[in-house]
Amino acid sequence: MLRFFPACQAGAKKMAIFRGRTLFLRKFSSLSSHPLRVCIVGSGPAGFYTAERLLKAHQKAEVDIIDRLPTPFGLVRSGVAPDHQETKVVINQFSRVGLNERCSFFGNVNLGSSVSLSELREMYNVVVLAYGAESDRDLGVPGEGLAGIHSAREFVWWYNGHPDFSQLKPNLKSAETAVVLGQGNVALDVARILLRPTAELATTDIANHALASLQESSIRKVYLVGRRRPAQAACTAKELRELLGIKDLYVNIQEGDLIKSPTDEEELKNSHIQRRVHELLSKAAISQPHPVPGQRELHFLFFRRPDEFLSSHAGNDQVAGVNFEKTVLKENGESGKQSAVGTGQFEEVECGMVLKSIGYKSVPVDGLPFDQRKGIFPNFRGRVLSNASVLDKGLYVVGWLKRGPTGIIGTNLYCAIETVDSIYEDLEQGVLTTPTTPKPGREGLLQLLDSKNVKFVPLSGWEKIDMKEKHEGSQKGKPREKITTWNELLEVAHA
């Protein structure tokens, strides 16, 4: 039985996985003479990494990937910032997986309305849920429904051309100040997009509607707000360095916030990433005492949590500020970690837009147990559990649906390896069996979609979208000009 090592552990352990993988592939290939028909729901990194491992591990595996969008690649396309083109290179690897003759892509196929989970399980030996997180956590704070308050996910999908949010109208033209709640990498991404010179964004694959809005933006000040100290900031040094490096940007950090407690010292000693983040913040705190007229500003606020969103005095439903409660950190006796607790002291920050970067949330599937607090399907190493201890045979999970919305793109590789290992073990041990009569798989899905008049987008349809986007982008000096509406995406795919 192969061991699974989380992505954060040492490179030597990662290499151990790959050294063991040769035996794994050879053994898995000889398990059965019957086809292993697999359907993966979701075409993001977790889905494609799972497909890649299965195709390599089982010579008779046939893998179909379905996605509700007409376009593949999930958050690589709609989540990675447009000025991070190097991160999107992984699309080349996923494209090679999609071109494998034993793999098919079915875009514009919605789990629920196009095909049910029970129908998929009837047609396939294995179903892997990999559709990630397409909703957001709520703060439960008064005024959260005011206009001008968006989740960071919505804003990211807007500037990345996701068809669900191409019509979003963030208040960029009239607002001068934006508040970003959270200090993780996504929070830093949205702050950077708001503050970075648009001339630099114009050479990326940012959606055209977003670029036009940002070029007219009046926002000159952004607050990045966190509940705890700089020592607990959830971002990486790379993201922070890039934000702090924006040309002609004034950065404000209160030096008093950088004072470290003994517990902070211990945390920083045990984490190179947190230590480097703290060093960068400390250096930025002493770089420039005051902004000059016209300079864009980035303010880090620590020890603050939102208590109420305030509306404008005009009596409309537009956000005009946030009332923050100041916090202090207290150690949790059980976990030893520090938690932010309110002090009863408050302060207001005026703003015309709020972006909540407090976490993504996955959406459950009817009929399956779902852990609402963690946002996952209860599972054991990727095997979905129908209750606390009973395996739901043939049903697996990977990515954020398996472990929660954490990690980077590469984290999904190790997550996929563990899930594929579990599929292999279940086949080897007879928990998962291939019937004498092969399941219909792809042919069954094609017939079902045809009977429901679902016009799915095959890989060739995505290639038409890809070609058109790249062609139009090349005329503007961009990697691609994204098609951002459902109608046009489907029209191009089916042309």
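Placed from the backbone N, Cα and C atoms, the Cβ positions cover glycine too.
Note that TrEMBL annotation is computational and uncurated.
What TrEMBL lists as FAD binding site is Ala46, Leu75, Leu111, Trp400, Gly407, Ile408, Ile409. For Leu111 (FAD binding site), applying a Cβ distance below 8 Å and a minimum sequence separation of six or more within one chain yields Val41, Ile66, Arg68, Leu117, Leu120, Tyr131, Val365.
Annotation comment: TrEMBL describes Gln183, Gly184, Asn185, Val186, Arg227, Arg228, Glu239, Gly407 as NADP(+) binding site.
Per TrEMBL, the feature domain 'FAD/NAD(P)-binding' maps to 37-208.
The maximal spread of the NADP(+) binding site, taken as the longest Cα to Cα distance among Gln183, Gly184, Asn185, Val186, Arg227, Arg228, Glu239, Gly407, is 21 Å. Under a cutoff of 8 A between CB atoms, and with a sequence separation of 6+ in the same chain, the neighbours of Val186 (NADP(+) binding site) are Ala152, Arg153, Val156, Ser357. With every protein chain in view, the residue among the binding-site residues Ala46, Leu75, Ile408, Ile409 whose Cβ has the most Cβ partners within 10 Å turns out to be Ala46. Here the candidates are the binding-site residues Leu75, Gly407, Ile408, Ile409, and by Cα distance the one nearest Arg227 (NADP(+) binding site) turns out to be Gly407.
Local packing around the Cβ, expressed as the count of other Cβ atoms within 10 angstroms, is greatest for Arg227 among the binding-site residues Arg227, Arg228. Ranking the binding-site residues Ala46, Leu75, Trp400, Gly407, Ile409 by Cα distance from Asn185 (NADP(+) binding site) puts Gly407 first.
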